Protein chains: 4
Amino acid sequence: MITSTAPFELSETRQAEMHELYRHLHTHPELSMQETNTAAFIQRRLQALGLETFMCGGTGVVGILRNGAGPVVGYRADTDGLPMKEDTGLDFASKATGTLADGTPVPVMHGCGHDTHMTVALTAAQLLSESLDVWSGTVIFIFQPGEETAAGAKAMIEDGLWDKAPKPEIIYGQHVWPGLSGTVNISSGTAMAMADSWKITVHGRQAHGSQPEQSIDPIVLGAHMVVRLQTVVSREVHPMKSAVVTVGTFHAGLKENIIPATAEFSVNVRTFDVDVRTRVLDSLRRILHAEADASGAPAPSIEEISSFPQCYNDPASADALIGEFQAALGEDCVNVVPPVMGSEDFGLLAEALGVPSVYWMFGAYTQERLDADTPLPGNHSPYFAPDVEPTLGTGLRAALTSLLSRVGRSEAAQ
Amino acid sequence: MITSTAPFELSETRQAEMHELYRHLHTHPELSMQETNTAAFIQRRLQALGLETFMCGGTGVVGILRNGAGPVVGYRADTDGLPMKEDTGLDFASKATGTLADGTPVPVMHGCGHDTHMTVALTAAQLLSESLDVWSGTVIFIFQPGEETAAGAKAMIEDGLWDKAPKPEIIYGQHVWPGLSGTVNISSGTAMAMADSWKITVHGRQAHGSQPEQSIDPIVLGAHMVVRLQTVVSREVHPMKSAVVTVGTFHAGLKENIIPATAEFSVNVRTFDVDVRTRVLDSLRRILHAEADASGAPAPSIEEISSFPQCYNDPASADALIGEFQAALGEDCVNVVPPVMGSEDFGLLAEALGVPSVYWMFGAYTQERLDADTPLPGNHSPYFAPDVEPTLGTGLRAALTSLLSRVGRSEAAQ
Amino acid sequence: MITSTAPFELSETRQAEMHELYRHLHTHPELSMQETNTAAFIQRRLQALGLETFMCGGTGVVGILRNGAGPVVGYRADTDGLPMKEDTGLDFASKATGTLADGTPVPVMHGCGHDTHMTVALTAAQLLSESLDVWSGTVIFIFQPGEETAAGAKAMIEDGLWDKAPKPEIIYGQHVWPGLSGTVNISSGTAMAMADSWKITVHGRQAHGSQPEQSIDPIVLGAHMVVRLQTVVSREVHPMKSAVVTVGTFHAGLKENIIPATAEFSVNVRTFDVDVRTRVLDSLRRILHAEADASGAPAPSIEEISSFPQCYNDPASADALIGEFQAALGEDCVNVVPPVMGSEDFGLLAEALGVPSVYWMFGAYTQERLDADTPLPGNHSPYFAPDVEPTLGTGLRAALTSLLSRVGRSEAAQ
Amino acid sequence: MITSTAPFELSETRQAEMHELYRHLHTHPELSMQETNTAAFIQRRLQALGLETFMCGGTGVVGILRNGAGPVVGYRADTDGLPMKEDTGLDFASKATGTLADGTPVPVMHGCGHDTHMTVALTAAQLLSESLDVWSGTVIFIFQPGEETAAGAKAMIEDGLWDKAPKPEIIYGQHVWPGLSGTVNISSGTAMAMADSWKITVHGRQAHGSQPEQSIDPIVLGAHMVVRLQTVVSREVHPMKSAVVTVGTFHAGLKENIIPATAEFSVNVRTFDVDVRTRVLDSLRRILHAEADASGAPAPSIEEISSFPQCYNDPASADALIGEFQAALGEDCVNVVPPVMGSEDFGLLAEALGVPSVYWMFGAYTQERLDADTPLPGNHSPYFAPDVEPTLGTGLRAALTSLLSRVGRSEAAQ
């Protein structure tokens, strides 16, 4: 099996093409499950490379690269942007807009770096399709929509992904993160947190702003809910266990002199441990209901927005890949790390088949940048702008390393 | 001077026309300072009655009805609707929409009853123009926009209202309210509260929802501000003095898993007493800054939205009018009341000239309705739907009584 | 009937005695319903003046001064001090201590000025007993214990006060307050607020300070209750109605590294209006239970500490007395005022008999003092130290005026 | 070196004596730095066994057992009880009382199990002094006062502990905890958290309970501080780092109708990481000051109560001891665990000398008890009552194992 990606070293031309591809994708983000143009663009590229493709789960795209006998391996890249206003100042910054489910128009940005994921996957597909002699087997490229809402992996599976595509023995995937460019972070076992999101509707009673006694004030009630929720993490979770309870949105009222009838907010919960998750979600429900009682209000409506499973790296597969990475990138460039609080629906793709999967992070910032700016903007920041190189090159190398660890021809490594 | 509006008793035809006019206005509300169609409609009606008209302060309309020598008297009706979704179930309910200053599309409703004000004023103008023999002098009908935002009276004055219109010796005005239809409520001296509205922008630091430690969470900060503001009324205002601090809007965040950079909310303060107002506004500022400090956040931005002066009824003029009302409506139908917490920019129109003004309320609900439903929806409720009669008839009678108390021919009363 | 207290002008000697009496009482305060030494002192003084006396309601003392035929009139002075540390710097400041019901040792101070009340009543008894020729009838001096806890008037009535003493046609009483010395404030109708006090026991679960997840933290819960209670006044009471919700004590925990099992706090509610009282008390109960639910804690224990009725001045009697005061003190020195938020159990004494009562305030500070210090310490302040004169002289004059308005011989006024 | 404590197996008589000793100590707890009777009792026992003793750091006792040439080893037991009311129902439960620094009388209980620590140490001293042939060297028994307040170790060091006693090569110590009796938990490296405790005095302004507008309410302010402090753990600490912020006491006010001038509360902070500790303490200070600002109050007074260092087990020494424990207690009975959130000043004793130290936990509850009750009361619970055996026997065996690992005669193990 090859442990080098040497045959895939990028020419200057190929690198320029990859950078051009990245800038294009960065400029044109689309919201989760609305990645229509992105999907069409990807499908055209894959078809041009000679891959079989099919659409799946709405705006998902699958590209199959067959190259004779051998293992079947999956590689997943996610494709959606975020409802946020880009503030990077890049000359190729996004000016795109989209529309939320409730009709609100919003700016859109690749604020989570999925543009780098697509760039790497498309370039890997290109290189593999150009070097068929050094590997054999089948690679399935899964361009998954709606990662940010935990909707995409589920949608692809429900749309028959594994009825339509060959069954891989493992699925790989990776995410850009605000660490040292040129390095990867990888965990064995649990890699990322569970995430549960709820939409809460607080039911009050509307009144003129000068008549609070006629109202049940949903803003005052909602504010007390937000304040009270802080005690779940501060007092109910074991201090050596991890949990996050974030209220990411709060919306109520149209005019300062009308006490509105309702308030809406959303809660996002991160946990690693099933018991902690259960306690936190139970406490959330208990607090939300009790605070409504304290206001003499009806019970709040609680609606699930999404529920991300834990992202779990099969230990044997992860340990093997760590060795491959050390050989390909250098030992100094591979960090074996504890899990992170972020979440992913990546794991569902392999779980649906009962096969293992491995997910890792690749760094976004050069040492110069890390030294200069502190703290550097992370994912979901309006300033998130990875240094293009060695970020993309490392992502590409890591992707190829993972795939070739399964489908590489050992003689090629000689 | 006449003390009867007998010559103005409505014929069945005229009443039907008035009701038709009311339904039309109710169906077509427009947002504050955007009353373009409403203004055009009013101007056409006034011109059809033979009044001189001019536009003033953007969407304000002034109609001058000259009828020989005699006093000059002003009468003001406000014209704007509210950004709220009507839920009255009326067959002529509003389906109108509008756009807030920040571009948000909103439903619009005459939720404060300004449609009744315009109906009464237009009908009074019609009747006065048809019965020139029973009065002499000049009546100025002021159709003022933007009452809800305290922008309209100011805009008309700044646009030269009193340069363009004759100077009245007094200005009258009235408001519909959820009391017994057929009655009026009137105060001598202070009639309505001062109202100050602020827009607060909370400045935090954006981060991924799983990384609260990287953020300054503006929703948690804003919630603590809202909670802390409750202490101003509960602990800082003398219990026998009146104050209201309402947070009418709170908006932050686009996605549950992004901690946003900012939150925006609005505060509406009602007071009667200048010292109380000063203390409350000072305390608001103090709390908002200190809570930002508590989060390690920058100082919040505080921007004035509007500032309503006290609505003050000149005692001599009010007392005289109370007598006229008792004669015209019956003693049982005139309630002399303490001031209310609602606010008005009505007073500015007379204050700009240094002349007195008087403002009163006319009831919206029949006894049957009051007996049946408790509590009945008030102004700014999505269910606010006055009983058409005797509400409009009483409003009309009160308007004419006030005007004729100044311009009525005394022989007509014989 | 006399309208002058001229026959009772104090000699220099008598005034010096009165001041000495005041200093003695000030130095020796006792806690509510523990006024043993105070009662013994009063009884000795009254007996020395020749009055019949009896103990009543534990530490209450009644003195009856009979002087022939004529009306029977009651006059009440309250006798208890407060658990607070005096900080006036007076050379006769209290160093007394007492013990609360739970065994806690506390400093004691006449922080509410009941020492002035006793001084005035004892001096009035002395002067009346020395000038029997200018009046006729019976005066009942009621030295009531436990006013601060609303326990004393109830205790005296239950102990058969009106079985043992002649039935008066009216009862008078007065209170010192931090206004202009030499003046009185008096209301016709409602004079003082209702007051309800509760002791709340919050039931949590104890744990080591490092194990919050094992606890139900009663301090965090109690803090949220205190914060949430602010919304009752700020959002639930009509802004033109009056209510106060004060948490006067909060006690929990013995050591910083033990999360305690319970917290105790007390709430004191002031209202004028029965409907407001009902809503406030209902809301308190609702919030306290709901906040316990929000913590997953058992229901809190709620125990009534005291319940003061409204203090109501019979309007006819009050109006008559206002006239007498104007004649005796000068019109400028009698202020007819709206009710105050303070509370009294004074009213119970007359209510038990169905006779009227009148209560008023006499000022504590000279104009020089009012000009110099702002704001001056009020009742229940550790710095509360009335200017001895004209405070005591005015209180004495007001007391005699009220009594003589009933029992004065009209010829004496000639 | 011996790896067995076989020569020290307890006879039935010795065990009965140990249990009697335990019950005596349990019945007679004393507060931190007030352990006068306890110290006298210990000193008498040590002297009776022939040890040299000296008092140190007030109520600390040191006993030196010299047995020829060989290593010098320290063993520490802490001696103080807690201000809490015992509720175990044991027939030898404590009825003791003590007095806090501010004069408050309190019940006292060995609620942290230091009675078991003393029992084990005294029994170990007895057994070692009776079996001088199986070991050689010097053992220093340090009976340290004031562990709960972090005052005792400091006081002993400052009082010249290491000038007066021989210098040990290592110091051992242990704590009872609510795990399985018969087992020990031990960490290599960090063993226990840093703990910082502060006393906060909130400065408000006193007023009558009916006049909140005259006050700066320190209870409302303190409650907002407690609520706001929750955000430090919930929003400012990395979710994978550990921190606890406990408010263990809150005291304000003497009477429900007086708004007090001040409130006092205490905060106890636990952290493992110096950076986290710095951020948490900085945030506490920031929040406490800002909340005072929000009330318009003066800055709060912040006073350090205690500051516990991290408890750190020298890895080489801990690893060696783990092996000894496995041999002596059985592998199943030795759990190598991550650090716990509890704190200790134990580490200071060795740190002052620059020698290593090792600290571990021994379980308190039998399997039957663990199965029956859930959750079982932990340290600082009023119900904390360890099962006497095998708890004390295991603690004794662990203590002897640690000491003999250094001073045991290797031939004895043959």
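Along the chain as shown, residues are numbered 1 onward.
Including glycine, each Cβ sits where the backbone N, Cα and C put it.
According to TrEMBL, the feature Mn(2+) binding site maps to A:Cys112, A:His114, A:Glu148, A:His175, A:His380. Marked as domain 'Peptidase M20 dimerisation' by TrEMBL: A:197-292.
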Cβ-Cβ under 8 Å from A:Glu148 (Mn(2+) binding site), same chain, 6 or more residues apart: which ones? A:Ser32, A:Asp80, A:Leu82, A:Cys112
If you draw a 10 Å sphere around the Cβ of A:His114 (Mn(2+) binding site), how many other Cβ atoms fall inside it, taking every protein chain shown into account? 28
According to DSSP, collapsed to three classes, what secondary structure does A:His380 (Mn(2+) binding site) have? coil
Name the residues of the same chain, 6+ apart in sequence, whose Cβ is under 8 Å from the Cβ of A:His380 (Mn(2+) binding site)? A:Leu82, A:Met84, A:Gly111, A:Cys112
Kindly state the mean pLDDT of the domain 'Peptidase M20 dimerisation' (A:197-292) in the predicted structure. 96
Once A:Cys112, A:His114, A:Glu148, A:His175, A:His380 are set aside, which residues in the chain still have Cβ within 8 Å of the Cβ centroid of the Mn(2+) site? A:Asp78, A:Asp80, A:Leu82, A:His110, A:Gly111, A:Gly113, A:Glu147, A:Asn379
Using Cβ-Cβ distances, find the residues under 8 Å from A:His175 (Mn(2+) binding site) that belong to the same chain and are at least 6 apart in sequence, listing them in sequence order. A:Gly113, A:His117, A:Gly342, A:Glu344, A:Tyr359, A:Trp360, A:Met361, A:Phe362
Helix, strand or coil at A:His114 (Mn(2+) binding site) [DSSP, three-state]: helix
A:His175 (Mn(2+) binding site) - helix vs strand vs coil (DSSP): strand
Here the binding-site residues A:Cys112, A:His114, A:Glu148, A:His175 meeting chain D with a Cβ under 8 Å reduce to none
Name, in order along the sequence, the binding-site residues among A:His114, A:Glu148, A:His175, A:His380 with a Cβ closer than 8 Å to any chain B Cβ. A:Glu148, A:His380
Neighbouring C-beta atoms (10 Å sphere around the C-beta of A:Cys112 (Mn(2+) binding site)): 28
Can you count helix, strand and coil residues in the domain 'Peptidase M20 dimerisation' (A:197-292) using DSSP? 41 helix, 33 strand, 22 coil
